[in-house]
Amino acid sequence: MELLVRYLERSNSISSVMTQDVIKEQNLRDDLRYYFMSPCEKYRARRTIPWKMGVQILKIVMITTQLVLFGLNNQLVVSYKEENTMALKHLFLKDYSGVDEDEYSVAVYTQSDVYDSLYYVLDQYSQLGQLSVGPISYAEDEDGNLLPLVVCKEYYRRGSVDPSDETYDIDAQLETVCMSHDPVTANHWRTQNSSFFQLDFYRLVDIKLTFQLKGINLQTVRSRELPDCYSFYVTITFDNQCHSGKVKIFLDIDAMSSACRDWKISGTAHKNTHYLLVFDGFVILVCITSAVLCTRSIVLAVRLLQRFARFFQENFNRKVCEEDQDEFLNGWYVMVIISDLMAIVGSILKMEIQAKSLTSYDVCSIFLGTSTLLVWVGVIRYLGYFQKYNVLILTMKAAFPKVLRFCCCAGMIYLGYTFCGWIVLGPYHEKFEGLSRVAECLFSLLNGDDMFTTFAQLKDTNTLVWLFSRAYLYSFISLFIYMVLSLFIALITDAYDTIKNYQKDGFPLTDLQKFLREQADFPVVEEDSQTDAGQSLLCCCRRVPVNDEAILIS
């Protein structure tokens, strides 16, 4: 009788443990299924409101609106700087045609032209108030005095050159002599300092004229924003470094904006600025909410992965392969968090710019533009829940590793052509003058753009280089268009065909999919390190895109 009682107690104990294990397994399976559901499926299953999706939709609308508003303002700023640069070139450069020649604006070839161009700058500068049609004037210091115009000439310390006898005596040490005058007396320089303008052209390296101007960008009033005050740091350079008989004249401007010290404007400009600041603050709040929700999802996914890995280790004595682990590490959430952080930084910079505390328009545009790009790319995640759109995502995911390896190999050939073209064709072709320009030119040729112009613009002064250029260009075009580009397209086409076949015939099931479908045909692995490694490798080798679309796009 006692044996019967013990047997029944033991049976009840075993059945209780088994019941707990079954419940634990079913709970894990339910949690996994819920994690890989789409937002609509989650709502139908547990009536859970898809907060993340709602926040993402709201964020897309707000960030895009913010980007458009900032972009319109940034265009006004850039156009103001460019038009001022063009206006100052017409004001200070004699015989400026309106189009720069290569990297310089004007070139002169005689001594009289150099003197005329130099004096022209001084005369125009002294009459700036009567010549300029824009709100621009001389800069002042803190005491209200006009900042001077500075002229510096740089030349070799000593030298004598006699080309007819092929002799020269040059001291390579450079000396710089400068002088500065008030803008009002700038037109008297030629009489008061005539010796300064007596130039020895065989020793002269360059002449630099630097001055500072002030301006106000009034066009922002039309967009109901406060105008900015600008400081223009102008440098005019007469470049004679080559001593080739051609003096290049450059005009460079560094524009810095700041808040005007005293202003008064009627209308709604200031009120509109306050509205924009409130809007930017709301964008920051939405991005913080989005980042918190995505971070929470990542933490929950890691915990779920730990439960699943512990279950496999305890029941089947095996590890979850890396590809199944990657299904829990959602790259979309990481991308959303990065876009949120960039949007927050960009919004803070935008608020500082609107408050006239910063002038980093370019930095702000990079942050806002990149965040908007990532936000719109994230929309693909929700399109992936539909089978027709999911084909694109699966094709990109399957082809990316092969395409990346292929690009690394093709990139070595591309770099070889880049360096070769730069060293050989650089002196004879404007498209090969720098490494970046060579890479851009070859990329254009790769896409079939501007081929004839690239062939025709080569200077045929050197027959050997001309023949080499033909062999160089023909070989590059033939190799990359007919072979490299075709193989690149073939890799993507092969991945697309593979995905289409899998969707038609069914995807091979992985351990995760089998567990979700309640298939218990997992082989139990003995406790041996080599067997574990081989089984893990086998799992990863047979890993292909899974059948459940929710897992694929999560």
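Numbers here mean position along the shown chain, with the first residue as 1.
The backbone N, Cα and C atoms fix where each Cβ goes, and this holds for glycine too.
What TrEMBL lists as domain 'Mucolipin extracytosolic' is 77-261.
Counting same-chain residues at least six beyond the ends of the transmembrane segment (275-302), those with a Cβ under 8 angstroms from any Cβ of the stretch are 35, 51-52, 55-56, 58-59, 62-63, 65-66, 69, 328-330, 333-334, 336-337, 340-341, 343-344, 347-348, 350-351, 354-355. Per TrEMBL, the feature transmembrane segment maps to 275-302 (among others).
For 328-348 (among others), the entry in TrEMBL reads transmembrane segment.
Under the heading transmembrane segment, TrEMBL lists 360-383 (among others). Outside the transmembrane segment (360-383), and at least 6 residues removed from its termini, the chain residues within Cβ reach (under 8 Å) are 39, 53, 56, 59-60, 63-64, 66-67, 70-71, 74, 77-78, 332, 335-336, 338-340, 342-343, 345-347, 349-350, 353, 389-390, 392-393, 553.
Confidence over the domain 'Polycystin cation channel PKD1/PKD2' (363-499), given as mean pLDDT on the 0 to 100 scale, stands at 87. If you look up TrEMBL, you'll see 363-499 marked as domain 'Polycystin cation channel PKD1/PKD2'.
The annotation transmembrane segment is assigned in TrEMBL to 403-425 (among others). Here the transmembrane segment (403-425) has long-range neighbours at 432, 434-435, 438-439, 441-442, 458, 465, 468-469, 472, 476, 479-480, 484, 487-488, 491-492, meaning same-chain residues at least 6 beyond its ends whose C-beta is under 8 angstroms from one of its own.
Annotation comment: TrEMBL describes 471-492 (among others) as transmembrane segment. Counting only same-chain residues 6+ beyond the ends of the transmembrane segment (471-492), those with a CB under 8 A from a CB of the stretch are 395, 399, 402-403, 406-407, 410, 413-414, 417, 420-421, 424-425, 442, 445-446, 448, 451, 454-455.
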- Please give the sequence-distant neighbours of the transmembrane segment (328-348): residues at least 6 beyond its ends with Cβ less than 8 Å from one of its Cβ atoms. 35, 56, 59, 63, 66, 280-281, 283-284, 287-288, 290-291, 294-295, 297-298, 301-302, 304-305, 308, 364, 366-368, 370-372, 374-375, 377-378, 381, 554
- Query: In the domain 'Polycystin cation channel PKD1/PKD2' (363-499), how many residues does DSSP call helix, how many strand, and how many coil?
  - Reply: 117 helix, 0 strand, 20 coil
